[in-house]
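Summarising the annotation, TrEMBL assigns heme b 1; low-spin binding site to A:His59, A:His346. Residues or ranges marked as Cu cation binding site by TrEMBL: A:His206, A:His256, A:His257. Here TrEMBL flags A:His344 as heme b 2; high-spin binding site. Taken from TrEMBL, the feature domain 'Cytochrome oxidase subunit I profile' applies to A:11-475. Residues or ranges marked as domain 'Cytochrome c' by TrEMBL: A:532-696. Summarising the annotation, TrEMBL assigns transmembrane segment to A:12-40, A:60-80, A:92-115, A:127-149, A:156-176, A:202-224, A:236-253, A:273-293, A:305-321, A:341-363, A:383-407, A:493-516 (among others).
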Amino acid sequence: MELEHFKYDNKIVKYFAIATVVFGLVGMLVGLIIATQLFLPQLNLGIPYTTFGRIRPLHTNAVIFAFVGNAMFAGVYYSMQRLLKARMFSDMLSWIHFWGWQLIIVAAAITLPLGLTTSKEYAELEWPIDIAITLIWVVFGINMIGTILKRRERHMYVAIWFYIATFVTVAVLHVVNSFEIPVTAFKSYSWYAGVQDALVQWWYGHNAVAFFLTTPFLGLMYYYLPKAANRPVYSYKLSIIHFWSLIFIYIWAGPHHLLYTSLPNWAQSLGTVFSIMLIAPSWGGMLNGLLTLRGAWDRVREDPVLKFMVVAVTAYGMATLEGPLLSIKNVNAIAHFTDWIIAHVHVGGLGWNGFMTFGMLYWLIPKMWGTKLYSTKMANVHFWIGTLGIIVYALPLYTAGVVQSLMWKNFNAEGFLEYPNFLETVTQIVPMYMMRALGGLLYLSGAIIMVVNLVKTAKQGSFMAEEAAEAPALEKKKVVGGHWHSALERKPVIFTVLTLVAILIGGVIEMVPTFLIKSNIPTIESVKPYTPLELHGRDIYIREGCNNCHTQMVRPFRSETVRYKGEYSKAGEFVYDHPFLWGSKRTGPDLHRVGGAYNNVWHYNHMLDPTSTSPGSIMPPYPWLYENQIDPGLTAGKIKALRTVGVPYEEGYEDVANQDLKAQATEIVTDLKSFDVEIPETAEIVALIAYLQRLGTDIKAEPTANK
Amino acid sequence: MFKHYFEQVHNVEIWPIISLSIFFVFFVGLLVYVLRIKKDHISHMSAMPLNEDDPENDLTSSR
């Protein structure tokens, strides 16, 4: 057979690697800043753009899509070319992918601090950026599938399957979760409402973890770990089972993010069952990784690449055991909405994704620059400071989570809440927030040491942009026989379709009943659409990212119905919530029953200086809400958009809506005036107060609600 | 409650049976295939990340 000569494209890998490092540092730094703001709220410098609610999404988006995303692309572009013995399908597509992705990141870094957000976690970017993400993702997919089609290696190695699954699933998740109706150039409302929106969001959110943070990195593990250990993966058979069972089961588990919420019970149970089943494939993969090192454990002592990878795979194992346990309802009852979850995701993020990336970079950079690592000693320092960072980060937060949750639930002998003031449970854990920030600082310091080491490594070597290779062309003759899977490994398109089918089954079975069967979301007659002023207020709530710290979901526990002085939240209460704002973390108290709980002037003073009404509060002040004015010109557009997605505003209401808006504002302003507070009717705080006073009151008004 | 929601779907009894069948067939099929797979194919596949480098390309004299 004739040998073909070709070149591997290392330049694209280099660029993605640089982007990984740069955005990694930025993302971690923002994380450190928001961690510090939790005990030092003044660190936002009193301006909106650096306030927790706006830059917490910046942190999550930066580390997920910029740091881990670029690391994934660097790793995929390097390994895929070599596993398929082919250059990437198109250099132009590679570069469109690279620059397009970086532009999206920059767009995120600009829009999120400006408060342009959909509020849906890890999907906060507004609709024009959503469209850009779709296009660039398709470019990545074409480039990948194109490379697979022109490969010189008949069979696809397991890493490639994981890459294909990543591409297919993230595409489906992103498109389905991003259905939204634009209101202005950078404002949209989710197509779905309330319970349905929550279900779609967490089907997306959970599987973003699965198919953006897990499957591509498992692919990387199956390539770089054998590479670094210089021995084949422990069991290739296990990797086949690992792959199919993981993608088949993962997609069902999303509802475990919504246990004890208003989501129908059957969907919650489905999420629990599949989450527990997930232990099997996850641990199969973890053991497959660790056992690859059998007989080579002595090398782990010397080689920093292996050290990082061993801790990464171990962290994966811990996080994927913890996840299913957290999906058991009675564990979830304690852990949900607390810092336990933050600790859990950071074991995965810092341990699995971070350390896997570091290990990969320590291997890739010397390789592509044709040299040895500048300093093994520095890499070892990075390893230890990073490991210590993870521990110092996670342990205090586990403690904080359990302590706070137990305080929330603690009743005294007289049958009253032991800590009726939410703030007591917050001040208790502030020292743990401080320790957590220290952990983050250690981790970031380690990453900086790595950057120095890698730059020095690159300087002492010379970069080889084009790496010559040769391989025989793939014979065109039809290969028959073999088992169905080895046949599958030869047929990438069928493989991709089967992957798609595997992930669609779970998604469809979860969602179709929730959307089609009316009784899943019992309607409540007294629940009415928001007034125009409340709509403006709700959009301010979304802009400021209030949902990052406050939930709107009173769970059916006595400790919650007593604390929040109202009934637990019902599915029917959220039918006009585009998007839903249930939140996932209670850094502050739940707000679903806050309507009517305080008078207007309390809210006025509280938002201006939270410590004036709640001494010791760690909530930042929002002085700009008193200066900024709402734009009544947007009212009509908001109402029309919401009517399109099914909110029953009467035809023509948009023309008279501003009269209602003015009337309601006047009422609030007059009430405030009786407390000697002067504020213009169009001030944003007035709209926000209107929204907060509305929250959860619909069923208070009508005690005989149809449940 | 679970039952109440689903009673309104036509022929709902068949759903869990279909689901169970899908899972059963899928995993049994996967297991049967994996157990019957030939050894030389497995060793070919698992050696893939290691075999790719031509010695002349290998600048670090391999790890």
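Cβ coordinates come from backbone N, Cα and C, glycine included.
Of the listed binding-site residues, namely A:His256, A:His257, A:His344, the sparsest Cβ surroundings within 10 Å are found at A:His344. Take the mean position of the Cβ atoms of A:His206, A:His256, A:His257, the recorded Cu cation site; other residues of that chain with a Cβ within 8 Å of it are A:Trp202, A:Gly205, A:Ala253, A:Gly254, A:Pro255, A:Leu258, A:Gly271, A:Ser275, A:Ser327.
On the 0 to 100 pLDDT scale, the domain 'Cytochrome c' (A:532-696) averages 95 in this prediction.
Below 8 angstroms of C-beta separation, residues 145, 156, 161, 164-165, 168-169, 172, 176, 195-196, 199-200, 203, 244, 247-252, 254-255, 263-264, 266-267, 270, 274 of the same chain, each at least six residues beyond the ends of the transmembrane segment (A:493-516), sit close to that stretch.
Counting only same-chain residues six or more apart in sequence, the Cβ atoms lying under 8 angstroms from the Cβ of A:His206 (Cu cation binding site) belong to A:Tyr250, A:Ala253, A:Gly254, A:His256, A:His257. Annotation: A:His346 carries the greatest number of neighbouring Cβ atoms among the binding-site residues A:His59, A:His346 [cut-off 10 Å, Cβ to Cβ]. A:His59 (heme b 1; low-spin binding site) sits 16 Å from A:His344 (heme b 2; high-spin binding site), taking the Cα positions as reference.
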